Amino acid sequence: MLLVAVVTVALGLSYFLKIHSYAYFVVFQIADGLVQSNGLPILIACVASWYGKGRRGLVMGIWYSHTSVGNILGSIIPGIWASGAWGWSFVVPGILMAVFGIVTFFTLVTEPSEVDCREPKQNMTNNYDHYRTKGERQRLLDDSTANSYVEEDNSGRLLHSRHRSINSVDTANMPDIHHNQSPPKVAIRFIDAIKIDSVAIFAFALFFNKLVSYTFIYWLPFYLDDIDINGVRYGSEKSAFLSVFFDLGGIIGSVSAGLIIDKTGCKAIICTVLLLLSVPSLFIYHYFGHISLAVNIVLMMLCGITVYGPSALIITTVSAELGNHPSLKSNQRATATVSSIINGTGGIGAAMGPLLTGYIVPTGWSHVFYMLMASEGASALYFMGHHTSKTNLFFLVIIPFNHKGNKPVKETRSDVALSLYAK
């Protein structure tokens with residue numbers, strides 16, 4: 001965060017120092033992308049370590065709304081100096097970033113173990129198998145150790161008292177508890193993270209989805225400035241303020257989608273539905289948004305809900321669950337790596353969308369919206385095609401259960417992958 005602050009301020013200082021070097025802006029833009037891209041995957045891993053499966057959808061939906069809040073501030077602050085001293089549009093956010101970076105350094109707790117808190121259950125199957133395979137003596141030892149405590153007497157000696165039942169147990173052949181503790185987690189290799197089931201699917205889905213969302217972020221103020229809304233042409237400053245309603249819709253979409261997946265568990269189905277709904281939403285907004293300002297705002301928020309919803313799910317909840325995939329070893333840590341792969345692939349789409357829009361705008365805004373609708377449709381169709389090519393949706397829904405409605409005793413690797421779609 002401190003490096004982001006330095007680079008952002010450096011870009012703003014170019015206005016005051018009257019720097020007009022093309023190389024200067026290229027170098028600092030690249031540096032800005034490098035330092036900013038490291039933040040989100042790390043933070044997702046931190047948040048995921050605090051919330052286990054079954055409750056992280058809503059939490060991460062609320063948490064991910066920070067991107068929309070940042071986009072709102074990123075539209076309002078530059079809008080203030082859009083027609084004047086634009087250097088402040090970079091300096092002010094840079095200063096804010098530095099302040100919050102210092103606060104984060106002194107307050108962020110990355111894992112529950114750092115403050116002696118119990119870690120949440122990331123995968124119920126693994127926990128059950130681990131408990132089932134433990135010996136009876138080790139279970140007794142664990143239970144009794146949970147009731148033990150350490151106290152220090154006045155002479156400084158340490159007295160370790162345990163539950164009385166452990167003294168009656170023959171510990172001669174009992175394994176040492178310290179040797180049975182879980183080894184420290186190690187980061188997974190990049191190539192192994194790519195091989196995790198469904199990582200590539202969600203990465204490509206996010207590629208097309210971010211192409212749309214970042215096109216809106218960069219080009220929506222220009223679009224609002226270029227069209228007549230009920231016969232009124234708004235200037236650049238008012239257009240920048242109006243564009244924040246897209247991000248307000250994104251906040252609603254992120255939180256709502258997270259809440260729904262906590263209730264249903266249907267992550268991929270919800271993503272697919274939102275992606276499909278975004279296509280007519282974009283069409284309606286383009287062709288009917290000019291009727292009145294109120295209609296434009298409502299339709300803009302609808303686009304924000306349907307475009308941002310899948311993005312929030314894929315980047316946060318899905319990345320966290322894939323990072324704790326049952327196929328991983330118990331000592332492997334993959335959340336940050338998986339998140340970086342998915343978000344990095346989406347970042348390519350985020351770069352391509354605004355770039356392609358710059359070439360398409362001269363031919364008309366209708367062509368831009370056709371590109372956006374095609375991208376959202378491609379994301380949904382690729383998503384659906386990958387899963388339905390393997391098996392029928394009906395079987396995807398019922399495969400985790402037997403004919404009596406009970407869960408199977410053993411899940412295969414393919415079952416887990418399919419459950420990401422229908423579970």
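For all residues, glycine too, the Cβ spot is worked out from N, Cα and C.
TrEMBL does not curate its annotations; it predicts them automatically.
Range with TrEMBL annotation transmembrane segment, chosen from 16-33, 34-51, is 34-51. Looking just at the domain 'Major facilitator superfamily (MFS) profile' (1-391), the mean pLDDT is 77. Contact between the transmembrane segment (240-261) and the transmembrane segment (63-82) is supported by 3 or more Cβ pairs under 8 Å, counting only residues 6 or more apart in sequence. In this chain, the transmembrane segment (199-220) lies apart from the transmembrane segment (34-51): fewer than three C-beta pairs between them fall below 8 angstroms, excluding pairs fewer than 6 positions apart. Taking Cβ pairs closer than 8 Å, the transmembrane segment (294-320) reaches residues 40-41, 44-45, 47-48, 56-57, 60-61, 63-65, 68, 202, 205-206, 209-210, 212-213, 216, 220, 224, 229, 242-243, 245-254, 256-258, 261, 267, 270-271, 274-275, 277-278, 281-282, 284-285, 288, 335, 338-339, 342-343, 346, 376, 379, 420 in its own chain, all 6 or more past its ends. Here the transmembrane segment (88-109) has long-range neighbours at 1-2, 4-9, 11-13, 46, 73-74, 77-78, 80-82, 115, meaning same-chain residues at least 6 beyond its ends whose C-beta is under 8 angstroms from one of its own.
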